[in-house]
Amino acid sequence: MANTRIVSLKDFEDYAARTLPVSEWGYINTGGGAGVTQLRNEKCFREYLIRPRVMYPVGIPDLSTSLLGQQVSMPICVGPTASHGIAHESGEIGTAGAAYKSKTVYCMSNMSTTPIQDVSKANASGIRWFQLYQLGATQTELIKRIRVVEDHGYTAIALTVDVPVYGIRYADERNNFSLPSHLELAFHVGGKTTFKGEKGSGLSGFTTGGSIGWDFLDWLISITRLPIVVKGICTPEDAILAVKHGASAVWVSNHGGRHLDAVPGSLDLLCDVMRGLERVGSRVEVYMDGGVRYGTDVLKALALGARAVFIGQPVIWGLCYKGEEGVHMVLELLREELRLAMILAGCKNVHDIAKGLVVHKSEYLNSKL
Ligand SMILES: Cc1cc2nc3c(=O)[nH]c(=O)nc-3n(C[C@H](O)[C@H](O)[C@H](O)COP(=O)(O)O)c2cc1C
Ligand SMILES: CCCCCCC(=O)C(=O)O
């Protein structure tokens, strides 16, 4: 029998692939359309190379940083992913508990299967953000939801802006992806507590087909004291607009390549967005997600301008493996890989992970010719 000891994030992925039902695995794992963007997300990281500095005593590197003024132990955070009850019976309680243990941000999805009060208890003194989908809700419904989020001690709202309609997802279509009957959505979306696929994915019924505009961001900022992070930014044009409209941070993401296919890889998007923000002199915090699987990926994203990375699928793989303990293992494995990468590359702290530490392979090869 093959040695199944868990030593890398890929081992968690293999475990989840082997153990989850086909329909749940299809939902978690599949990219949109031909899956080009999802593949690019990981591939892109291989195209950037690290130029390590030596003879620079690093000692014990300090991985801590701050996000929106709150201290985290490392620049690796838990991104919002829907319905954790499909991966493990502990659901979002396991995930929130693990993020608390690792002293990092847990961003709870709007489509979670655990009531917010239970999630809050599992992570009472941790840093919790809430991810919001508009999904055709009225202003009254949204205000009500945001008050609940505020009252439960969430410290930021990540407004996801990149799914005006549900993308083409062949596996979910084939499997009529549905929420298992023992689960419920914690936030009733459009009056619905569940979703059932009859001719295709049950999730596609949630989107209204109408994109929200920048006036929605203006409105959201006007009705809450919480900082708003705009998640799903792919271009410098939109990053600049988000900042102009008062976003507290920009979250570069192609949604893990799950909806619109043929978008560039997330690290390429980050570089493009950073160039645009630099041109206008913006120093807004920028986060990124999509395809982060190794500590060196985190190092690369930080060197290219991200303040922190968020992980999506690896958290669900960890949850599937062993609930809270599994997610904690995923986070600590990435932390350890980043720590080693920092020592090997000559970085004492996150400020040392700066521009020039990482180059695109084409740039490097050309400059050496
Ligand atoms: C199963 C699954 C469910 C997701 N659900 C949400 C969600 O509810 N809200 C959201 O903003 N993003 C959601 N995402 C996207 C993630 O927040 C993130 O952008 C993406 O997973 C990052 O890529 P990675 O999985 O390669 O780390 C989901 C991703 C996955 C894999
Ligand atoms: C916007 C309607 C459903 C989204 C479901 C969660 C999500 O973002 C994803 O699966 O991707």
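Using the three backbone atoms N, Cα and C, a Cβ is placed for every residue, glycine included.
Nobody curates TrEMBL annotations by hand; they come from automatic prediction.
The domain 'FMN hydroxy acid dehydrogenase' feature in TrEMBL is assigned to 1-363.
Other Cβ atoms within 10 Å of the Cβ of Arg169 (glyoxylate binding site), summed over all protein chains shown, number 24. Feature annotation from TrEMBL assigns glyoxylate binding site to Tyr27, Tyr133, Arg169, His255.
What TrEMBL lists as FMN binding site is Pro80, Thr81, Ala82, Ser109, Gln131, Thr160, Lys231, Ser253, Arg258, Asp289, Gly290, Gly291, Val292, Arg293. For Gly290 (FMN binding site), the number of other Cβ atoms no farther than 10 Å from its own Cβ, over all displayed protein chains, is 31.
Residues or ranges marked as active site, proton acceptor by TrEMBL: His255. For His255 (glyoxylate binding site), the same-chain residues that are 6 or more apart in sequence and have a Cβ closer than 8 Å to its Cβ are Thr160, Asp162, Val163, Gly232, Gly290. The DSSP secondary structure for His255 (glyoxylate binding site) is helix.
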Residue among binding-site residues Tyr27, Tyr133, Arg169 with Cα closest to the Cα of Pro80 (FMN binding site): Tyr133
Distance-selected binding-site residues near ligand 2 (C-beta under 6 Å), from Tyr27, Tyr133, Arg169, Gly290: Tyr133
Nearest recorded site to Lys231 (FMN binding site) by CA-CA distance, among binding-site residues Tyr27, Tyr133, Arg169: Tyr133
Neighbour tally for Tyr133 (glyoxylate binding site), based on other Cβ positions within 10 Å of its Cβ: 21
